[in-house]
Amino acid sequence: MKQYLDLCQRLIDEGTWVENSRTGKRCLTVINADLVYHVDKNEFPLITTRKSFYKAAIAELLGYIRGYDNAADFRAIGCNTWNANANDNQAWLDNPHRKGIDDMGRVYGVQGRAWSKPDGGCIDQLRKIVDDLSKGIDDRGEILSFYNPGEFHMGCLRPCMHTHNFSLVGDTLHLTSFQRSCDVPLGLNFNQVQVFTLLALMAQITGHKPGTAFHKIVNAHIYEDQLELMQEVQLKREPFTSPKLVINPNIKSLEDLETWVSIDDFEVTGYEHHEAISYPFSV
């Protein structure tokens, strides 16, 4: 929790004002932010200086694991984050690759489970990683990437958190996740929950101990209309101890994650928090 608040303070103290052409707003921006999550100690990085929610973040992660390309599928498992991108983005609505209502195109999990090969067919990146790690293999290329510039025009949104690199040392699994851009007051809580949970799940289904998750953010920013709430409310609150994440121990394989697992198989315990803060969201 301290590292999150330190990053927020760093944005205020060291950030440079940058005009964002997409939103028409200014952002205080810093380049390169490194966060570390101790999955081995089960220190779940759910923000405590405001009431935060984890279920939609984990549901979205499940959708990525399953390779979903439709907002309706995400809604069915408890995640509404793709509704607007799939249905209210005019550029995507006009795109000839859009298949209809709720279609997201070739984004995130589609790339992770069915990356197109130039000679035909596709690569299931996640399946390869799970198979290797289950056999105790780390070829120094256990990389799950959603970032495919050759198919950006075939999807509604470029990935923000785009690459997950797994490393097996002895019987302990580690993860390094890369993110190109992050709205710190709103988006980071969502993202860090996913990084933590992804490592915990992958360790569980491949039979290894979870280690450390390293989260690398390139462009970390706070929008001008979020600044006052961050300075005058959230940063003046004392954080509570991190809660714990409890995952159903019956989840034992990638096939389990693809089929019967739901958000009800995840529980957060010991979560103390301050009141919610309604930060403005920039579309």
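Even glycines carry a Cβ here, placed using N, Cα and C.
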Candidates Asn32, Asn191, the one Swiss-Prot lists with Arg22, Arg180, Ser181, Cys182, Asp183, His221, Ile222, Tyr223 as binding dUMP: Asn191
Fewest other C-beta atoms within 10 angstroms, as judged across Arg22, His221, which are the binding-site residues: Arg22
Other CB atoms, at most 10 A from the CB of Asp183 (dUMP binding site): 21
For Cys160 (active site, nucleophile): intrachain residues, at least 6 apart, with Cβ closer than 8 Å: Gln179, Arg180, Ser181, Cys182, Gly187, Asn191
